[in-house]
Amino acid sequence: MLIIVPVVIFCIFVARHLRHEFSSYNAGYAILVVTIVFTVYVLVLLLLTSVRDPGIVPRNSHPPEEEFRYDTSASMEVGGRQTPSLQFPRTKEVMVNGIPVRVKYCDTCMLYRPPRCSHCSICNNCVERFDHHCPWVGQCIGQRNYRYFFCFVASSTLLCIYVFAISAFYIKVLMDDRQSTVWKAMKESPAAVILMAYGFISLWFVGGLTGFHLYLISSNQTTYENFRYRADNRINVYDRGCLNNFLEVFCTKVKPSKNNFRAFVQEETQRSTTVPIARESEAEDIGDRRMKVEDDMDIGGDLLKISQRHNIEDIEADIRSRGSDVPHHNSSEADSALGSDRRGPAVQPDTWHSSWGRSSGSWEIANEVVRTNSNVTESRSYATPKEAYQ
């Protein structure tokens, strides 16, 4: 509408009155014809810019398997243990014109972005040679539609200049025909005045945009790169010289789209990535069991000391209560019994241990602890308090 409405007003109120102004070969009709053809050309460029695939990189249905790794530095604490989490390297280095360039991993598209590729937050897609997202055309500007975008902006600039110049010429014609001043001529054709003002204001926008993109093309930059890396003083590895940069944009063949938007959606198939992950999980589970047993042994030792202290106090209290009934020559035997009791009382609270934090989330008996308790119970059977009193 910003293009069509001013052009229609121009054709009706300005170009139509200039048809007979140039008598030779009816040259006045050329003004009307040029306006219509130029407007159609601008609209075609707008259509090509907005409907073409800008260079969308197809998403992956699964992360790249070759980049799997377990990052212990970013591990999560589960059940008091550090569990390594599955991570991807956030960046990779690729060679561009003999210079290493760092590319990033996209969590949304699950791929490493090619050089000069960026993820558009509005379209939610990774676009090759991403320049910017243009709200006026409703589309990202990227590798496959950048030349059409520039031609559209440049043609709009020329159209604004054309409309402004012809409208000013019509005001001049009115002044010569009526032998009047500029103000009287402007009152006779207010439409021409409005078109001049509209063209002048629009020229600042599309003209400034055209000049800016001429600079970007000459230095082989994108708008995104210019805004983001301008303060970093980075070396532009894509600059091939002014002439070659223009040839790259306008004279190279447009790459075919990587997407078939008319294809039917394919059902995703399960891949065999679970096998190596399961093996890693099994190895991790074995390591957790060993750590679990060691923790249980430490806890069992603490409980052993506690129960040992209570058992000795009970035996000593029993000996004192019996008084003279216990022979003095048996005190050594009692001491030996106490010593044996210090070495191995049966510890019942140690038999069950929690394995919470593991995948099963169940309660189980640690085999080493069971064997330890059985040995302790067996050693006590040889010297019980009852035998010590006899």
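Quick reminder: no glycine exception, Cβ is built from N, Cα and C everywhere.
As annotated by TrEMBL, transmembrane segment applies to 29-49, 148-171, 191-217. Feature annotation from TrEMBL assigns domain 'Palmitoyltransferase DHHC' to 104-228. Among the features that TrEMBL reports, compositional bias 'Basic and acidic residues' is placed at 320-332. The region 'Disordered' annotation in TrEMBL covers 320-359, 371-390. Summarising the annotation, TrEMBL assigns compositional bias 'Polar residues' to 371-382.
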Handout entry: Long-range neighbours of the transmembrane segment (29-49), counting only residues six or more past its ends (CB under 8 A)
Key = 3-4, 7, 10-11, 15-16, 18-19, 134, 137, 139, 141, 145, 148-149, 151-152, 155-156, 158-159, 162-163, 166
Handout entry: Average pLDDT across the domain 'Palmitoyltransferase DHHC' (104-228), rounded to a whole number
Key = 93
Practice task
May I have the DSSP-based helix, strand and coil counts for the residues of the domain 'Palmitoyltransferase DHHC' (104-228)?
Solution key: 75 helix, 17 strand, 33 coil
